[in-house]
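Following: one structure in structure tokens, then a few remarks.
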Amino acid sequence: MRRLDSLLWPCITLSLVLLLWPASGIASAPALDLDKGWEYRWGDSPQLADGTYAWLRESDAEGAWHSIDFPSNPPGREGRRHAWFRITLPSGEWRDPVLYIYSIDLIAQAFLDEALIYQHGSFDETGEGPFVGWPWHMISLTEDFADRQLSFRVYSNYTDIGLWGEVRLMDRLDLFAMILQRSATDLAVSAFCLLLALLAAGFALVQQRRRNFIGIALFSLASGIMILAETQASQFLLSKPLAWDYMASGGYYALPVGIGLLLETWFSGRHKRWIRRLWQFHLGYWLVAIGLALAGVVNLSSTFPVFDVLLTISLPLLFALLIGSLKQLDGEQRLVIAAYGVFGLLLLLDMSVAHGLLAWQRIPVSLGALLFSLVIVAISLRHYARTQRELVVLNQRLEKEVAERTRELQELVERFRIFSYQDPLTGLKNRRYFNEIITREAAIAKRGAPLTLAMLDIDHFKLFNDLHGHEAGDCVLVTTARLIGEHFREADVVCRLGGEEFVILMPSTTEGQAREAIERLLDTIRQHRFEHGDSALGPVGLSCGIASYPAHTDDPYALVQLADTALYRAKRSGRDRCETYAPTVT
Ligand SMILES: Nc1nc2c(ncn2[C@@H]2O[C@H](COP(=O)(O)OP(=O)(O)OP(=O)(O)O)[C@@H](O)[C@H]2O)c(=O)[nH]1
């Protein structure tokens, strides 16, 4: 009977073609709503010996049938679980007529006169059967259906009984086109919500405000799944109505959990605790309801009214909490709450329609979810843009700071470099510097320039220290260093090798020129009045040894050793004098 499966894709393709080709010329009567002229009868019909239901044959039983506009929830149910509905079908020019039913509570059989033409769910001997989902229905009709009687045998242990929403006579292709048209928005919104859920889940993995993103991810996932599962076109994707209803209920029941997780992060103290209790309670319900339904302990359908009652309580409670503490929230958070408020209101309206509190109409719940998702996306984009701007500023500041630090570091390195070449007491260059400069100057000398090296040592300095004290000794070292430094040219390099020993490297200077300069220096030192504080320190003498390249050696690197030998000779010869290296002396 159900040709839905086999004709599915050809019909979709055909209906799409027809949608895109309005001038096709194929005429068909418009859809006709069967929302008048129905009759109902409480209870279940007995069966005749040939298996036919007696109520189908005794159609004119006096006073047994009552008229009703729409075949749903007749008055005076009093706990009854069986009802029959019937209508005489009108005539119309449909090429391929079908009866479209939005939904049935809960299982039903349809008969055209006495022939069974459609069945939703399965009936046992007592006329009962399990919940098998709430799909939309398409009942194929033969061309001669006009003026014949269409009857429904319905069983329901749910709050509603009968057909629900819309019952329409229409052409099969028009039905497919209608389903696709009605589903387009929902499918797009669902895809959008699922994408948002994916992004939020990704952010939850890498960002610090994890709970926030988990809340958004869960809420978006729940909305996306719920909308997809409730979209009529989903039946085209998978003809398993009960599976879709499990997904719809799973998403629906998880909505307060997601929003609770999100809101909880915005509050503290009492409000936070209440919000946590609410979402934990809903999470508990989610687990129990879905778990018991899957285990077959309860019908999935019976978990909906309980959840609806819970949501009717928790939704306003949550709003009361939020409204009472709006001051704690910033503009963006208020916007999210407003969007959630719209979504919540649409959910409540949808629920009211489902329970017959409002006249049947299609409530655009998905638009509520879309609004919520758009608000989240807009806020996220704004945050992203702001973060980008802050990053640029931060980057610039960092670059500036790095440049500043690098400059300071370079200065420090330079100072250290100078320090590492400087004798801290006298301010002259030290032995390390001398070792480097001698190598350089020796290399230059090798290219043909003379180079002379003088090594100087203060005479009897130990005695001087012992007589006047170490501080006075330091003072003599500093003064002697200054006098030596002032005495020589810029090009000459004066170093303190350590202790009371100095060296002077004189590039492009012959032995004779150097000796002259040294003699003048020794005179200057002899004549200088050394003082420490207010006390005069007595005379200071210097001994000096000179060696010159190429006069004394063909290896400029050997000058240190040769000058040292000459100095030794000056000391031995009575001090306070200058000696030039002589090869015969060892
Ligand atoms: N005040 C002071 N004394 C130092 C410093 N460096 C080395 N001395 C001292 O210099 C003295 C050098 O003594 P010696 O090497 O025996 O030489 P000297 O007493 O000058 O004798 P001759 O060189 O033979 O004339 C030692 O007593 C060291 O302690 C310093 O930086 N400051």
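Counting begins at 1 with the first residue displayed.
Quick reminder: no glycine exception, Cβ is built from N, Cα and C everywhere.
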Ranges in play 279-298, 439-458, with TrEMBL marking transmembrane segment at 279-298
Within-chain partners of the transmembrane segment (213-229) [C-beta distance under 8 Å, separation at least 6 from its ends]: 186-187, 189-194, 196-198, 200-201, 203-204, 207, 244-245, 247-248, 250-252, 254-255, 257-265, 343, 365-366, 369, 372-373, 376
Across the domain 'GGDEF' (449-583), average pLDDT on the 0 to 100 scale: 94
At a Cβ cut-off of 8 Å, and with pairs 6 or more apart in sequence only, do we get at least 3 pairs between the transmembrane segment (187-206) and the transmembrane segment (363-381), yes or no? yes
